[in-house]
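Participant: Can you read through this structure? Questions will come right after.
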């Protein structure tokens with residue numbers, strides 16, 4: 001095992017080793033110095049006071065209550081939600097716009113991680129309901145309501161993704177003054193409407209929305225500086241799969257523990273898996289399916305009818321892969337952890353799994369410890385004592401789904417001449 005780890009690490013470049021070492025060092029420092037609790041003690045009281053102080057203003061604004069407004073703002077929130085983007089991105093990959101799809105996926109994963117991490121770090125409440133009227137028209141909105149408030153993920157994601165799409169269109173399309181003015185106007189209008197919607201629906205305070213927009217601007221500015229370097233690394237870099245897998249693991253440990261459990265970490269894990277699956281799949285198939293010569297939608301190589309065929313074939317395929325990945329990981333990961341002596345629990349996917357079940361009897365436990373001694377020493381560096389296997393299962397199933405989008409499904413398209 002040590003020889004394998006050394007072989008994997010030997011090929012790392014200087015910046016990759018520095019990045020992973022820095023992230024691991026942050027995990028240790030945050031745990032040793034209890035940085036999450038200290039930061040929360042500074043930020044949470046101020047944010048909570050701001051949210052509570054805005055309750056009268058929210059109630060005044062909600063006097064505009066009307067069923068049409070409820071429906072309009074609910075639909076608008078769904079259109080810019082993470083599940084919508086998750087469903088939209090495969091269609092973008094299959095349309096031939098590979099670079100845009102890659103960047104949108106990785107940017108959304110980046111936004112989702114940072115936004116949810118700040119939410120759980122601060123652990124500030126949403127507007128109190130009641131008295132604030134909260135409209136949760138979909139299951140997705142009901143899950144969102146279980147998260148903490150600051151920042152507004154809808155506002156943050158809208159700023160980043162609309163901003164990047166505008167940058168992409170202006171970079172690779174017409175770039176006259178009218179186009180720039182129209183693009184900026186539409187992006188500004190959408191961000192404004194999303195901010196209004198989140199307050200009207202009772203999901204966020206104005207402080208949450210402003211924080212989301214502010215974080216979004218900072219993240220977008222950073223991404224526009226690094227996106228070309230990130231894309232070059234993904235399609236032609238060294239040690240991409242090993243580095244990304246290692247980074248994904250470290251980021252799980254670097255995620256701050258909230259004051260009370262929320263779905264935010266589950267959302268991050270899912271999109272962390274999506275990002276890894278996309279990166280791994282693109283690494284394997286870039287020259288075949290995702291290069292600049294890939295046929296674009298509405299061209300003579302990819303007419304609308306053929307694209308519709310891609311969608312009809314692709315969507316059921318990726319859903320089937322996701323289901324198979326989940327079933328396989330639910331069986332395989334607990335067995336692997338037991339064999340390697342890694343203590344695990346399951347909060348959802350494997351209800352019967354308890355810490356005492358790991359390794360069976362005392363003899364099996366001793367064998368597991370001997371087989372997994374190296375990994376046990378490695379995992380002992382991190383703060384958790386028992387690991388939730390559901391995190392790994394969720395990661396694998398979404399990684400499998402994303403891999404199928406950029407690897408398996410394009411192969412099927414080739415065989416079907418789509």
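Any Cβ shown, glycine's included, is placed from N, Cα and C.
So TrEMBL lists these for the protein:
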- 101-224: domain 'Phosphatidic acid phosphatase type 2/haloperoxidase' (DOMAIN)
- 72-94: transmembrane segment (TRANSMEM)
- 155-172: transmembrane segment (TRANSMEM)
- 178-197: transmembrane segment (TRANSMEM)
- 209-226: transmembrane segment (TRANSMEM)
- 232-253: transmembrane segment (TRANSMEM)
- 265-282: transmembrane segment (TRANSMEM)
- 331-352: transmembrane segment (TRANSMEM)
- 395-416: transmembrane segment (TRANSMEM)
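What's the neighbourhood like for each of these?
Facilitator: Remote same-chain partners of the transmembrane segment (155-172), defined as residues 6 or more beyond its termini with a Cβ less than 8 Å from a stretch Cβ, comprise 80, 82, 85, 100, 103-104, 107-108, 111-112, 115, 179-180, 183-184, 186-187, 190-191, 194-195, 198, 204, 208-209, 212-213, 215-217, 219-220, 223-224, 227.
Non-local neighbours of the transmembrane segment (178-197) in the same chain are 73, 76-77, 80, 152, 154-155, 158-159, 162-163, 166, 169-170, 209, 212-213; each lies 6+ residues outside the stretch with a CB under 8 Å from one of its CB atoms.
Sequence-distant contacts of the transmembrane segment (265-282) (same chain, at least 6 residues past either end, Cβ-Cβ under 8 Å): 82, 86, 98, 102, 105-106, 108-109, 112-113, 116-117, 120, 234-235, 240-241, 244-245, 248, 251-252, 255, 258, 290, 391, 394-407.
Nonlocal intrachain contacts for the transmembrane segment (395-416), taken as residues 6+ away from its ends with a CB within less than 8 angstroms of a stretch CB, comprise 89-90, 93-94, 105, 248, 252, 269-278, 280-282, 284-285, 288-290, 309-310, 313-314, 317-319, 321-326, 328-329, 333.
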Participant: Counting each residue once, how many in the domain 'Phosphatidic acid phosphatase type 2/haloperoxidase' (101-224) are helix, strand and coil under DSSP?
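Facilitator: Its residues divide into 91 helix, 0 strand, 33 coil.
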Participant: Short question: which residues 6 or more past the ends of the transmembrane segment (72-94) have a Cβ under 8 Å from it?
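Facilitator: That would be 100-101, 104-105, 108, 112, 135, 137-138, 140-141, 144, 153-154, 157-158, 161, 190, 193-194, 196-198, 200-201, 203, 267, 271, 274, 290, 307, 310-311, 314-315, 318, 405-406, 409-410, 413.
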